[in-house]
């Protein structure tokens, strides 16, 4: 399918509006704190919009739709787990209250207060490594969606990726978190309209009864396409299974408390109470984050099963955008593509800013003998945003996923999630935790995820095994390293405030 001029007009107007809104915030940026955490003045409603927009990127829509295609409606179970985890953290203030009250800009900065500057630097290195590898596939998945839905030649994928990244880099590098928050709000509105409209059209086209019957038939082994996973029961071992879901619950608690792109919103709020309310009110949104795109993926499965299977060159990852290209009428597809661009841009901008802030704040700053001027700090942080963008562009072009996109994202995130989560919990709640335990937790927590990335294809390492082992090893490292020390090496008291 080739987009109608009306669709292209909608997309161009939207992109121009985002660029203008983002650049308009440049004049309010006076220092790194304004650039990184928006002066810590974010209220609940803006926080909800920003967190929701950043955590529902185009890559999210692609991998949740892939789960819907491969696992049916059971694929949305992770969204329910995510909702429970975020609500629980918001309700109790677990970890995030102490983080916000500490007045830091990044998580590793807190570790300096608790364990010393070397632990801060080492933790920052793991945070950046896991974060950049995690973000590495964002551009490719976003480009594949746009190429599949718009009918652009496959050879244009790299140019589409470059153009998307360039647009986001312009307003993120100049306006920082202020630009990200303003554009997130605009993107949240456009995204909401596009997702709801698409879901209504999908249900109207395929029909709820036909969707259920088609998934049942495929699970029973009838028809042209067959489902290997139970499409309705996530606890079935052919779907996720109990072990995977238990790992997911622990993983999502860690995400809610240590994933820097989420925590950057916590640190930008007015106070800890605002951060907790933001989490509680955003939590149910994460059910829809998995359910609606998962519905599109399941509908794509039924649609192509009715027609004898997937077309040549289409796989489970690109089935959903290929299906939408056949479903959506002129005008509507322009709105939907604009909404998906909104999802991609909000996520990319938030992540670029997050990792640049960590590199500046936790890897470069501790190595400086004297502080940089405010202007030099801003220039350096902006250059880091640009440098990360170049890295992501080239990484996204050559890396081949070892499995489905969700498992890759979960495992790469675990490179730092398990170890940093362990450091945070121990640093906040366990007086005996010390720097030696922190070092051991950081190293051991990264073993499982790195083994999956390097050896996963050769030895068929299950993602839940790699993920669960990283949490267990990090905990063993923290407890063993702290208790086996001949003397207590605590830099500061626990930061419960």
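Glycine is no exception: its Cβ is also placed from the backbone N, Cα and C atoms.
Given the ranges 218-238, 323-343, the record in TrEMBL names 323-343 as transmembrane segment. As annotated in TrEMBL, transmembrane segment covers the listed stretch 282-303 rather than the other ranges in 282-303, 348-369. Between the transmembrane segment (465-484) and the transmembrane segment (241-261) there are at least 3 Cβ pairs closer than 8 Å, counting only pairs 6 or more residues apart in sequence, which means the two stretches are in contact.
Residues 14, 49-50, 52-53, 56, 214, 288, 292-293, 295-296, 299, 302-303, 324, 327-328, 332, 335-336, 338-340, 342-343, 346 of the same chain lie 6 or more positions beyond the ends of the transmembrane segment (188-206) yet place their CB under 8 Å from a CB of it. Each of 46-66, 72-90, 121-139, 323-343 was scored by its Cβ pairs under 8 Å to the transmembrane segment (379-399), and the highest score goes to 121-139. Ranked by the number of CB pairs under 8 Å to the transmembrane segment (46-66), the listed stretches 72-90, 121-139, 405-430 are led by 405-430. Most Cβ pairs within less than 8 Å of the transmembrane segment (241-261), among stretches 72-90, 121-139, 282-303, 323-343, belong to 72-90.
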